[in-house]
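> Let me begin by handing over the structure; questions about it come next.
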Amino acid sequence: MQVTSQFKTVALVGRNNTPGIAEPLTALALCIAKRGFEVVFEADTAAEIGVTDYPALRPAEIGARADVAVVLGGDGTMLGIGRQLAPYRTPLIGINHGRLGFITDIPISDMREIVPQMLAGNFEREERVLLEARIMRDGNPIYHALAFNDVVVNRSGFSGMAELHVSVDGRFMYNQRSDGLIVATPTGSTAYALSSQGPILHPQLQGIVLVPIAPHALSNRPIVLPDDSKVSIQIVSGREVNVNFDMQSFTSLELSDTIEVRRSRHTVPMLHPVGYSYFATLRKKLHWNEYPSHEEDPKP
């Protein structure tokens, strides 16, 4: 079958160490290949499920070769591959094989119907922002990372509160004693930041949110900043303070280390089925639909 879609090569990425994921991945690969698309697998995914019929590529090779990546897993899988493919602007399609699934919005039961429709051009596209962070020690950068959801400075479970000196665009904001501080994107506002009483930011809002974790002073409240802000967090006191990036990579900090966070120049293109609604996602995932909506007749 000749492909007339804007997509020619489709990469499949699966959630690691997940029993039962081989069958849906191989079924999806066959479904896509039968429609004339070239199918490649992310290398670790291919090795884990024993796929040998398709090329196995590292993320950088996927970025250079694939036109779109279909991710079967949970939000964590999307976060990980999203960071790696962001420099290549490879669009992502998410199939939920996890628990919550805020950004993997296609049910696995519907993937063989919906994914081919999207590959044929029937989708809605949006751009999700990333954060970039670097750790400065004695005036020198020692670590750099991207974050799809959030950059989190926090204490270990066996140490006391950390004192953090926070400034925005070079202007002093406050000294905060707390268990830590979350700097989140709109995408990340429904992750750790939400559980720490932060606000929900619509994904298309141009902002980042700072959310204290269990602050000593109850007046230390979350604040939303313009997304062109540069946030600097210096470690004033505290033992065993770490910084995490999407809770998937971390590094230990020393006193006087400074974490500089700003919006990355990279964005992640995300593709959704036609009719996708962010508000429908919130209703479903946060159980807002426990009460009848205006679109539904109340039950008698």
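Glycine too: its Cβ is placed from the backbone N, Cα and C atoms.
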> Going by Swiss-Prot, D75, G76, N149, D150, R177, D179, T190, A191, Y192, A193, L194, S195, Q248 bind NAD(+); tell me which of A56, A60, A133, A214 is listed for that site too.
A214
> So, three-state DSSP: helix, strand or coil for N149 (NAD(+) binding site)?
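Where N149 (NAD(+) binding site) sits, the three-state DSSP reduction gives coil.
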> Using a 10 Å cut-off on Cβ-Cβ distances across all protein chains shown, tell me which of the binding-site residues (N149, T190) has the largest neighbour count.
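Of N149, T190, the one with the most crowded Cβ is N149.
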> How many other Cβ atoms are found within 10 Å of the Cβ atom of Y192 (NAD(+) binding site), counting all protein chains shown?
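Around Y192 (NAD(+) binding site), other Cβ atoms within 10 Å: 21.
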